[in-house]
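Right, one structure below, let's go through it.
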Amino acid sequence: MGRTLAEKVWDEHVVRSTPGEPDLLYIDLHLIHEVTSPQAFDGLRLAGRTVRRPDLTLATEDHNVPTLDWDKPIADPVSKTQVDTLRRNAAEFGVRLHPLGDVEQGIVHVVGPQLGLTQPGMTIVCGDSHTSTHGAFGAIAFGIGTSEVEHVLATQTLPQAKPKTMAVTVEGSLPDGVTAKDLVLTLIAHTGTGGGQGYIVEYRGPAIEELSMEGRMTVCNMSIEWGAKAGLIAPDQTTFDYIEGRPEAPKGADWDAAVAHWKTLVTDADATFDKEIVLDASTMTPFVTWGTNPGQGVPLGGSVPDPAQYDDPSDRIAAEKACEYMGLEAGTPMRDIKVDTVFIGSCTNGRIEDLRAAAEIIKGRQVDKSTRLLVVPGSVRVRLQAQDEGLDVIFKEAGGEWRGAGCSMCLGMNPDTLQPGERSASTSNRNFEGRQGKGGRTHLVSVPVAAATAIRGTLSSPADLEPVGSN
């Protein structure tokens, strides 16, 4: 009987399998950062253990780091302690670290792929829920807890119960102006935030195959937002072209051998999934969230829903609470919602393709006078490339802020936060209460919607903008 892509990758990494117990998986790449690693290293120290495979471990500073004045001491004492602790632990245990000021520093899920460390067929873990990003390369990648971080550091293995498999087939092609972010937000609204629970999801179909690697990473990044254990996409020529020539990619004969193996990483024709979902990309439009979880979303052309329309009492109560927290009334057109801050960045949409798309829309225009635009590249390499292309000048001339690399406003763990009651249009992945700062109100959007919103000051798409030079 045939196997799915996920089953092939999983089976290749089983070190031990005992009936009634979780499989013991070998881990090919372990990514760590300053927030979820300190206790794990303490555990190693207390037990007198070393890091078993420091060569398969990569650390970077991203969650707590400032995106301004990164060359100065970190002001927040908690953030400074976590960053300093990571540096000491990396030095003591021989782990490769890319700290602030290093040309390879950045968000861990941006750095791994851009270095070529993320490759098809791998198992990849990190103490971060958006590790699923790396599944875009045909890898099984998922977030783990701090105790599991310690286990991987000590043994390079991890006990895991084998999840079920699901196929999400996206037929057709995305219309112009509709992005991978709109696709995945549409999917989450369709399934709910628990629709993928217990599954490794394979995204497939014509619309997925047409996506760039950056777009595929956006889709896989948000797998956890609808409850999936992991999300992955079969590698193809787009994947190989992205990896080839990167610093950690195979070279010469090793490259040829790697590609030959990677081409086998596809779901067999006679394989079966435990569940299948089919969507039509051609019907999709720009999509935005209105509530306080990623599943509470509607097309940009829609309105805030009436909580009374929900048949399920728990959904109705959740909608009522979301409207209250977000300061919205049912029936309000999404395009009428005023935004205070626009954030373009994060491990979801902070890559060079995202910045190019934003700059193309913003060029020759001015940010709305009552709106702040914050553009944060996902890594130093992305920042330098954007500057080489003059993208930073476009953002600054429009009245936006051009920052250093880091997680920034995706989460309220660094200086880039919303104030209570402040409303954002954000290209990040979570819109929970307080996610971007206590009392902050977050609308998840695509890069084109974010850029257009910065210009108009209300939730908008590029189609809503006047032509450059028309005023």
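Cβ atoms here come from the backbone N, Cα and C positions, even for glycine.
Taken straight from Swiss-Prot:
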type	residues	note
BINDING	Cys347, Cys407, Cys410	[4Fe-4S] cluster binding site
REGION	417-443	region 'Disordered'
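Note: the region 'Disordered' (417-443) comprises 0 helix, 7 strand, 20 coil (DSSP; helix = H, G, I, strand = E, B).
Around Cys347 ([4Fe-4S] cluster binding site), taking its Cβ as the centre, 27 other Cβ atoms fall within 10 Å, counting all chains. Within the same chain, residues at least 6 positions away in sequence whose Cβ sits under 8 Å from that of Cys410 ([4Fe-4S] cluster binding site) are Phe343, Gly345, Ser346, Cys347, Thr348, Ser426, Ser428, Asn429, Arg430, Arg435, Gln436. Long-range Cβ neighbours of Cys407 ([4Fe-4S] cluster binding site) (same chain, at least 6 residues apart, Cβ-Cβ under 8 Å): Asp62, His63, Val65, Ile107, Ser346, Cys347, Met413, Asn414.
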